[in-house]
Structures are given as C-alpha cells and as structure tokens.
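J.: Before we start, here is the structure in question, set down as structure tokens.
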Amino acid sequence: MRPKISIIGAGFVGSTAAHWIASKELGDVVLVDIIDGVPQGKGLDLLQAGPIEGFDVKITGTNDYAATANSDIIIVTSGAPRKPGMSREDLIRVNADITRDCISKAAPLSPDAVIIMVNNPLDTMTYLAKQVSGFPKNRVVGQAGVLDTARYRTFIAMEAGVSVEDIQAMLMGGHGDEMVPLPRFTTISGIPVTEFISKERLDAIIERTRKGGGEIVNLLKTGSAYYAPSAATVQMVEAILRDKKRVLPCACYLEGEYGLNDIYFGVPCVLGAGGVERVLELPLNDEEMALVRKSAEAVSSSIATLKQM
C-alpha cells in the first residue's frame, strides 16, 4: 500500500507541494480546503497531468477531513498572510485559530502521522500543533530552515559564480528576521565560503537571506513565495517516507539543546522515518551563540503571546 500524504490548504504552496509529491510518486495525496470546489478542481487537474508527466498516484480533493484518515504525513499550509497594518499579535491570533481547527480535525484521524507545519508564524504554529495534537515532539516539525538555507545557498552560488549544487550550508533560528545563517558552517565543495566571497559581501547575502520572503512579496505585490516553500516541504516528506536520515535544518522542539527549553526553533536535525530522529548540537562560538539567543528571544516572545490568548 502506498503512503498517504494529506495537505491541508489548497492554495499555491499546498497545491504545488501536491504536484511535486505526485510527480515523485511519494504516495497518494489528499488535498483539503474549506472552499468548496477548490481542492476538488485542483486535485482533478493534477490527476490529469499524470498521463503526461508519467506518474500514477491517487489524488483526492475534498472539504471533508474524513478522507485524511490514516495519513502517514499531514502537511499544514492553511493560514492567512500578514497584511499591511496587521500586527504580529493579530497574525498569531488569526492563524492560531486556523491551526487549532486543522489539527484538532486531522490529528485524531491519523494518530501515527508526522505533522509538517508550513504556516506562519512558523515556530509558534508548530508549537501550537504539538499542543493541540498531543503528538510526541519527534512527530511535529516545522518547515523553515530548509527554505531559508535554500535561499542562502542560491545567493552564495550567484555571488561566487558556481553551481548551487556545490553549496553546503547551515542556518539556525526562528523563521524571520532573526534567523542565523552560519558562514563558519558554509562550504563550496568542502572549501570554506570565505575563500570565494569577502566578509562584506557575505554579510550582504546574510541580510538578503533574512529578508528573502519579503523580497518576493514586494516583487509579486499580491501573494508570496510558493515554489521554493513547497519544494522545501517535499524534501522533508521524501526524507521521512524514504527514511533517508537527511541532515536538514528544521523547527524542532528543544528540551535543553543549545540551552533552550519548551520552544520550537530552527536547528540541524536528522530527519527519517521517525520524524525528527535527533537534534544535532553544533559547536557554536560566542558570537554565533549570542545570535541564536537573540533569535530564541523573538520566538519565545511569540509563543508567550500565543499562550496569553
């Protein structure tokens, strides 16, 4: 029997993730949305791409969570984007309500699933998903670092004039302006990135990475990134379903790692069939650790706001 992947939210990120999951034949896909006709239409359209692209999986579009029962993976992309004039607290409130609704309906139907959160504010919504689902920490994980690291690697490749495939990089922290790219753990085919790029240019790349999502929002005017976020999500899905033991930066629940507790935070981890199989603690220097603590303070503040609601 093929694995079953349920995607909650049939917007750009959800439907694009569904496409790549189908094209890789990672499993059968259930696309869920509250808007009648949207998941059904997108699901049917995607199904009809199968004979052309050469994939053969079952794709179901529905408004009914019953169709998600016994999923191996649940991906949550549903959420409102931050609008002009909207406070951080307003965004947390709106998306917390959506997340509670999605998880409370989906999790009981798939008690052995791994939940991958994609909605924002990412670290806070992942924390909420763990609370609502009651799942163990290894089976609730947030997609942020894979995307942010991909942006970082892209900008480094552009600057160095080399293939993006040869960039190895690591990034930590919350999904936002306080993220922590780590140049000391960044190489080009094993060669330190500083052999290719000056500190000044590297600092500019780090700042562009931090603002990467906003740069695309500003260019699009209406909407936000979806190709790279969905590709990042599918990379995590593949690592879990194929038990690849990938070392990827993900939002993981910490209990003492890096001196942090009761927080979802972007750290390198081993991702496999058990979900987050272990968190890797890098030997950070004082400067890097200070940036991690600053990022953790921002995430903790957001989680504290959630708890007060």
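Cβ coordinates are placed from backbone N, Cα and C, and glycine is handled just like the others.
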J.: Out of N119, N120, N218, N261, which does Swiss-Prot tie to the same substrate site as R82, R88, R151?
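T.: Among N119, N120, N218, N261, only N120 appears alongside R82, R88, R151 as substrate-binding in Swiss-Prot.
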J.: In Swiss-Prot, G9, A10, G11, F12, V13, G14, N95, V118, N119, N120 are given as binding NAD(+), so which of D28, D33, D36, D112 is in that site too?
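T.: Candidate in the recorded NAD(+) site: D33.
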J.: Whole-number answer please: how many Å between the C-alpha atoms of G9 (NAD(+) binding site) and H175 (active site, proton acceptor)?
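T.: Between the alpha carbons of G9 (NAD(+) binding site) and H175 (active site, proton acceptor) there are 20 Å.
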J.: How big is the gap, in Å, between the Cα of G11 (NAD(+) binding site) and that of R82 (substrate binding site), rounded to a whole number?
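T.: R82 (substrate binding site) has its Cα 15 Å from the Cα of G11 (NAD(+) binding site).
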J.: Below 8 Å Cβ to Cβ and six or more residues apart, same chain only. Which residues does that give for R151 (substrate binding site)?
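T.: Non-local contacts for R151 (substrate binding site): T209, G212, A228.
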J.: Does DSSP put V13 (NAD(+) binding site) in a helix, in a strand, or in coil?
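T.: It is helical.
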J.: With Cβ-Cβ distance below 8 Å and at least 6 positions apart along the chain, what are the contacts of V13 (NAD(+) binding site)? List them in sequence order.
T.: T77, V118, Y226, P229, S230, T233
